[in-house]
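Visitor: Input: one structure, supplied below.
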Amino acid sequence: GDPLLVKVNKLTSTKTQLPYSYYSLPFCQPEHIVDSAENLGEVLRGDRIENSPYVFKMREPQMCNIVCRKILDKKAAKAFKEKINDEYRVNMILDNLPLVVPIRRPDQENAVVYQYGYHVGLRGQYAGSKEEKHFIHNHLTFTVKYHKDPLSGSARIVGFEVKPFSVKHEYEGEWNEKTRLTTCDPHAKRAVTSSESPQEVEEKKEIIFTYDVEFQESDIKWASRWDTYLLMADDQIHWFSIVNSLMIVLFLSGMVAMIMLRTLYRDISKYNQLETQEEAQEETGWKLVHGDVFRPPANSDLLCVYVGTGVQFFGMILVMMIFALLGFLSPSNRGGLMTAMLLLWVFMGLFAGYSSARLYKLFKGTEWKKITLKTAFMFPATVFAIFFVLNALIWGQKSSGAVPFGTMFALVLLWFGISVPLVFVGSYFGFKKPATEDPVKTNKIPRQIPEQAWYMNPAFSILIGGILPFGAVFIELFFILTSIWLHQFYYIFGFLFIVFVILIITCAEITVVLCYFQLCSEDYLWWWRSYLTSGSSAFYLFLYAAFYFFTKLEITKAVSGVLYFGYMLIISYSFFVLTGTIGFYACFWFTRLIYSSVKID
């Protein structure tokens with residue numbers, strides 16, 4: 001008999017990607033609308049959680065409860081029609097569980113797929129008529145599943161389902177508070193079981209909103225009540241993708257091992273036995289460029305900034321994966337993922353400052369404050385600018401997905417108040433440490449680089465380098481995109497972690513292999529090239545996002561398209577910084593290793 005309060009969340013649509021608050025449509029309202037407190041992640045996702053006129057009593061079924069009666073005016077009818085056309089769904093929450101509509105799968109017996117939220121309404125024609133009408137789901141049959149504790153006799157909620165119907169309710173006489181419906185009457189045991197005579201959405205039509213509640217006992221324990229929501233039907237695909245990626249990794253590792261063993265071992269032993277002068281003049285390959293290989297590159301400041309940002313990203317993703325694996329970011333904690341990402345990003349500024357200052361000092365830089373400022377501002381400012389434009393667009397659509405001014409201010413505060421000072425602290429320590437020594441001395445005058453074969457052309461080898469890291473992650477990427485844009489839960493962090501490790505190894509290995517080939521053909525400009533080689537996988541990621549947009553999503557609105565590509569641009573840019581940094585550090589370690597093992601006369 002305890003009261004159960006149903007809360008309403010945003011209206012969502014996979015066609016427009018623009019969330020709206022529940023009461024932006026003229027649904028029945030409670031006497032006072034109370035907004036639940038939302039965390040940072042929820043606000044950024046556009047969740048607006050409010051109370052609703054639906055109030056149940058625990059384990060007391062109800063039939064045909066009338067919520068309210070509405071007469072539609074022109075504006076209301078238009079609002080409903082627009083949302084029905086765009087296939088909007090209503091999301092509700094009971095005891096922190098989202099409302100789902102069970103849908104039977106025709107291909108398997110007893111297999112049920114859960115869809116989040118019920119559709120506002122549907123479009124259809126009457127038999128024998130060509131004209132398309134809009135119908136609204138005004139009768140909801142809720143099923144609340146509970147698990148009874150055998151010892152104490154108390155029950156806990158483990159499921160919240162609904163079957164929506166569209167019913168043109170009828171009653172006799174004038175409408176008043178006590179009117180009994182003829183279409184749905186608890187006394188006459190007349191329940192709504194189908195949408196035979198549906199309720200049209202037109203101006204001046206009256207709509208009566210009603211609901212039933214039934215309670216079902218369930219065997220699901222409270223602790224595992226989320227499992228039905230998170231059942232992934234396609235584990236095989238993930239295993240397949242991991243095996244597929246491991247093949248790439250094995251192939252690359254084999255190549256790296258061959259290079260390391262055969263070439264380096266042979267080369268180094270040969271170089272170290274060069275006695276006669278004639279032999280010394282015939283040496284070719286990577287040994288010849290030893291005097292130039294550690295010459296600071298052009299735009300070395302920018303490289304330091306990008307490497308610093310990459311380290312910040314890498315730290316954020318690594319820590320977040322570990323949290324997710326330990327189960328801190330479960331989907332019952334709405335918006336937890338977003339909040340965790342932002343906070344981690346801010347605190348990882350420490351490492352960003354440190355690593356960019358270390359590299360800057362290696363390049364014999366002196367103005368560490370300048371490089372620190374660039375590290376603290378360049379990447380976040382770019383992302384913030386894109387985000388700001390997208391937010392203005394969402395705001396123009398009056399969607400609840402727009403980030404309110406207060407939250408914007410909080411984000412700027414996080415960035416200026418915590419991130420920037422931390423970058424400075426990191427930089428200060430990084431610059432105080434003595435610079436890393438190069439294993440070989442750099443010549444005063446740069447060597448000429450000989451003509452390169454077509455396949456060693458920078459643009460070509462950079463584009464080739466990006467294919468393998470992208471190939472290693474693209475199946476997992478499909479699931480991540482689906483969870484973001486088709487509003488499904490993503491909860492396979494175990495797989496994601498394996499894929500992340502594979503990504504790191506692939507990026508590192510492909511860069512080392514290509515870097516070695518490059519040095520062998522006496523081209524010593526490897527700094528930027530190593531960053532771009534693995535970073536170019538972000539270019540393929542963006543192409544794939546475009547492919548996904550046209551094949552899988554049914555987005556028709558221009559604004560929604562801009563949103564999609566804007567957000568995918570931010571994601572690709574982040575991916576570029578992350579993979580580029582991994583490649584750069586791998587190559588940096590590799591060159592230091594091979595040049596320190598050679599005796600230079």
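All residue numbers here begin at 1 and follow the chain in the order shown.
Including glycine, each Cβ sits where the backbone N, Cα and C put it.
As annotated in TrEMBL:
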- 239-261: transmembrane segment (TRANSMEM)
- 303-329: transmembrane segment (TRANSMEM)
- 335-354: transmembrane segment (TRANSMEM)
- 375-396: transmembrane segment (TRANSMEM)
- 408-431: transmembrane segment (TRANSMEM)
- 462-486: transmembrane segment (TRANSMEM)
- 492-519: transmembrane segment (TRANSMEM)
- 531-550: transmembrane segment (TRANSMEM)
- 562-590: transmembrane segment (TRANSMEM)
Visitor: Counting CB pairs under 8 Å, which listed stretch among 239-261, 303-329, 531-550 touches the transmembrane segment (462-486) the most?
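Guide: Looking only at 239-261, 303-329, 531-550, the most contacts with the transmembrane segment (462-486) come from 531-550.
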Visitor: Sequence-remote contacts (6 or more beyond its ends) of the transmembrane segment (239-261), Cβ cut-off under 8 Å?
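Guide: Same-chain residues near the transmembrane segment (239-261) but 6 or more away: 468, 471-473, 475-476, 495, 498-499, 502, 505-506, 509-510, 512-513, 516.
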Visitor: Decide whether the stretches the transmembrane segment (562-590) and the transmembrane segment (408-431) have at least 3 CB pairs under 8 angstroms, with pairs required to be 6 or more apart in sequence.
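Guide: Contact absent: fewer than 3 Cβ pairs fall under 8 Å.
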Visitor: Could you tell me whether the transmembrane segment (531-550) and the transmembrane segment (492-519) are in contact, taking contact to mean 3+ Cβ pairs under 8 Å with a sequence separation of 6 or more?
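Guide: Contact between the transmembrane segment (492-519) and the transmembrane segment (531-550): present.
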Visitor: For the transmembrane segment (531-550), name the stretch out of 303-329, 335-354, 375-396 with the most CB-CB pairs under 8 Å.
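Guide: Answer, by Cβ pair count: 303-329.
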Visitor: Could you pull out which residues elsewhere in the chain have a CB under 8 Å from any CB of the transmembrane segment (303-329), counting only those six or more residues past its ends?
Guide: 297, 336-337, 340-341, 344-345, 348-349, 351-357, 359-360, 363, 365, 371, 374-375, 378-379, 423, 493-494, 496-497, 500, 527-528, 531, 574, 577-578, 580-582, 584-585
